[in-house]
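Engineer: Pasting a structure here, questions to come.
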Amino acid sequence: MGKGDPNKPRGKMSSYAFFVQTCREEHKKKHPDSSVNFAEFSKKCSERWKTMSAKEKSKFEDMAKSDKARYDREMKNYVPPKGDKKGKKKDPNAPKRPPSAFFLFCSEHRPKIKSEHPGLSIGDTAKKLGEMWSEQSAKDKQPYEQKAAKLKEKYEKDIAAYRAKGKGEAGKKGPGRPTGSKKKNEPEDEEEEEEEEEDEDEEEEDEDEE
């Protein structure tokens with residue numbers, strides 16, 4: 001979010017996010033000294049939300065509506081700092097962030113869930129994937145974590161080369177450059193595919209929160 005800008009309006013919260021916040025406060029009151037197992041806690045909240053009536057949910061939906069109005073109002077008056085964000089993500093040739101172990105797991109299991117539950121919404125699919133992931137043992141998660149670690153390693157090499165190339169090109173535009181960059185782009189194709197899946201998962205996670 002607005003990492004370096006403390007004046008940026010706080011993001012709007014969904015009805016489900018307000019519900020989770022309420023659950024968390026209830027839990028703190030009942031068990032002030034116990035720590036929360038987030039995977040277990042999220043699962044319980046999700047199950048409880050599904051069983052709630054429209055009337056029970058309406059309270060949280062009203063809270064979300066008023067928070068959205070607050071956010072829209074604040075965003076109208078918000079002026080982002082000069083050179084913020086916009087300049088950062090402009091270069092399409094920059095190496096893309098590698099997917100996490102969870103995103104790799106999602107891209108592998110999502111087609112199966114979609115075929116088993118064709119009418120399932122994007123948000124519910126993401127919830128189901130989150131539940132499946134939290135039920136995996138450390139041994140089951142290992143292959144995804146190893147693959148994610150390799151992709152991260154590759155990304156770190158690519159980003160270092162990309163930055164070095166940027167510095168070099170700032171000083172000179174040599175004709176020998178394109179050959180080197182062509183070699184770089186081939187392995188990046190694979191990474192782009194992974195990244196597309198990651199973006200899709202991130203969208204799903206956002207929808208899940210709403």
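Even glycines carry a Cβ here, placed using N, Cα and C.
Because the structure is a prediction, the values reported are computed rather than measured.
Pulled from Swiss-Prot, these are the listed features:
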DNA_BIND  9-79  DNA-binding region
DNA_BIND  95-163  DNA-binding region
COMPBIAS  187-210  compositional bias 'Acidic residues'
DISULFID  CYS23-CYS45  disulfide bond
MOD_RES   LYS3  N6-acetyllysine
MOD_RES   CYS23  cysteine sulfonic acid (-SO3H)
MOD_RES   LYS30  N6-acetyllysine
MOD_RES   SER35  phosphoserine
MOD_RES   LYS43  N6-acetyllysine
MOD_RES   CYS45  cysteine sulfonic acid (-SO3H)
MOD_RES   LYS90  N6-acetyllysine
MOD_RES   SER100  phosphoserine
MOD_RES   CYS106  cysteine sulfonic acid (-SO3H)
MOD_RES   LYS114  N6-acetyllysine
MOD_RES   LYS141  N6-acetyllysine
REGION    52-150  region 'Disordered'
REGION    162-210  region 'Disordered'
Engineer: If you count CB neighbours within 10 Å, which one among the modified residues LYS30, LYS43, LYS114, LYS141 has the smallest count?
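Structural biologist: Counting other Cβ atoms within 10 Å of each of the modified residues LYS30, LYS43, LYS114, LYS141, the minimum falls on LYS30.
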Engineer: Give me the Cα-Cα distance between CYS106 (cysteine sulfonic acid (-SO3H)) and SER100 (phosphoserine), rounded to a whole Å.
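Structural biologist: Per the Cα atoms, CYS106 (cysteine sulfonic acid (-SO3H)) and SER100 (phosphoserine) stand 10 Å apart.
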Engineer: Around SER100 (phosphoserine), how many other CB atoms lie within 10 A of its CB?
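Structural biologist: There are 16 such Cβ atoms around SER100 (phosphoserine).
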Engineer: Which has the fewest other Cβ atoms within 10 Å: SER35, CYS45, the recorded positions listed?
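Structural biologist: It is SER35 that, of the recorded positions SER35, CYS45, has the fewest other Cβ atoms within 10 Å.
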Engineer: Counting Cβ atoms within 10 Å across all protein chains shown, which of the recorded positions CYS23, CYS106 comes out on top?
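Structural biologist: Ranked by Cβ atoms within 10 Å, first place goes to CYS106.
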Engineer: Which of these recorded positions is closest to LYS141 (N6-acetyllysine) if you go by CA atoms: CYS23, LYS30, LYS43?
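Structural biologist: Closest recorded candidate to LYS141 (N6-acetyllysine) by Cα: LYS43.
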Engineer: Tally the residues of the DNA-binding region (95-163) by DSSP class, grouping H, G and I as helix, E and B as strand, and everything else as coil.
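Structural biologist: Helix/strand/coil tally for the DNA-binding region (95-163): 56 helix, 0 strand, 13 coil.
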Engineer: Using LYS30 (N6-acetyllysine) as the reference point, find which of the recorded positions CYS23, LYS43, CYS45, SER100, LYS114 has the shortest Cα-to-Cα distance to it.
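Structural biologist: Going through CYS23, LYS43, CYS45, SER100, LYS114 one by one, the Cα closest to that of LYS30 (N6-acetyllysine) is CYS23.
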Engineer: DSSP secondary structure for CYS45 (disulfide bond), reduced to helix/strand/coil, please.
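Structural biologist: Helix, per DSSP.
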Engineer: In angstrom units, rounded to an integer, how far apart are the Cα atoms of SER100 (phosphoserine) and LYS114 (N6-acetyllysine)?
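Structural biologist: About 21 Å separate the Cα atoms of these two residues.
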